[in-house]
Amino acid sequence: MEPTSEYTETYDYYDTGYNDSGCDYSEWEPSYSLIPVLYMLIFILGLSGNGVVIFTVWRAKSKRRAADVYIGNLALADLTFVITLPLWAVYTALGYHWPFGVALCKISSYVVLVNMYASVFCLTCLSFDRYLAIVHSLSSGRLRSRATMLASLGAIWFLSCLLAVPTLLFRTTVDDTGSNRTTCAMDFSLVTLNQDHESLWIAGLSLSSSALGFLLPFLAMTVCYCFIGCTVTRHFSHLRKEDQKKRRLLKIITTLVVVFAFCWTPFHVLKSMDALSYLDLAPNSCGFLHFLLLAHPYATCLAYVNSCLNPFLYAFFDLRFRSQCLCLLNLKKAMHGHMSSMSSTLSAQTQKSEVQSLATKV
């Protein structure tokens, strides 16, 4: 099965296109206008929201919990990713023409995949931290130490960067002389020129990224929450104040996981179905492949929405985060008022000086 020249897949990071079976893979025209607008909206909300989260976590050093550190790193991953969205917005608006060169094609694609891995790994560590704090509250002191937390953060970023390396190797710009455009796509000519082998590479990398970046971590999170649910239910009748705080934090993290699953599941399902079609393990009809082509940009957009939702979830569920944000806003107002006061004082002093100078001259 060889990729069609009509359309080069831009959303699936381990895919070069849909199978060439003589079908018409024409894109839905409104997507060229709608998708860039959605990307820029996610960019604006994600940049401001995650910036506030990072600053809030950094500022509250004395009250920082282990969960806050993971949340801060989750926001950092999302912030790094949303910075690339203007490039993808322009790319889509130009009809999938990439004008930014090979380096930005590789780097921006790499950042997208690093974000996917780092986000799900941070959520997995958050879930495991809650599992230890609630199910093994008396015996998990060493596992929840600062050194262990820093080691897990190092492992998260190392694994995320490592697992995304195939994008750096294979993602490049491809000139399409037929449509007079340059696409940012996967090119496996470094490892094979055989179309069947290329299909295996596409399917293998696509399925492995979905397994490692979604399915296995989500299963681990599900197991953690099953144990947590049993423990919380068992001790529901006599919760101490400290336990109530744990429950509030648990509610926030559970919401983050559920929203993450809601946003990313359609993307991984469509990506896996496309990968299986390369292996002839899924329908290979024109209608099915055309459905994947039309649905994939919007499934991708839904996945990207997750990067701007988390700050609003913190603000809605976490009273402490809300109060810290209000303190931040009050600090800004105070600084603005102080600057205005200084400006007024300087202006008055300047006017007084000018009057004195004029009186001297007269």
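A Cβ is built for glycine as well, from the same backbone N, Cα and C atoms used for every other residue.
When the topology recorded in Swiss-Prot is consulted, Pro30 and Gly141 turn out to be separated by the membrane. Annotation in Swiss-Prot places Cys105 in a disulphide bond whose other cysteine, of Cys23, Cys125, Cys161, Cys184, is Cys184. Away from its own ends, the transmembrane segment (74-94) comes close to residues 10, 31-33, 35-37, 39-40, 42-43, 46-47, 50-51, 53-54, 57, 100, 104, 108, 111-112, 114-115, 118-119, 122-123, 126, 160, 181, 184, 256, 297, 304, 306-308, 310-311 of its chain (Cβ-Cβ under 8 Å, at least six residues beyond either end). The two recorded residues, Asn180 (N-linked glycosylation site) and Cys105 (disulfide bond), show a Cα separation of 18 Å. Comparing Cys184 (disulfide bond) with Cys286 (disulfide bond), their Cα atoms are 24 Å apart once rounded. Counting residues 6+ beyond its ends, the transmembrane segment (249-269) has Cβ neighbours under 8 Å at 65, 67, 74, 116, 119-120, 123, 126-127, 130, 134, 210, 213-215, 218, 221, 225, 228, 232, 295-296, 299-300, 302-303, 305-306, 309-310, 313-314, 317-318 in the same chain.
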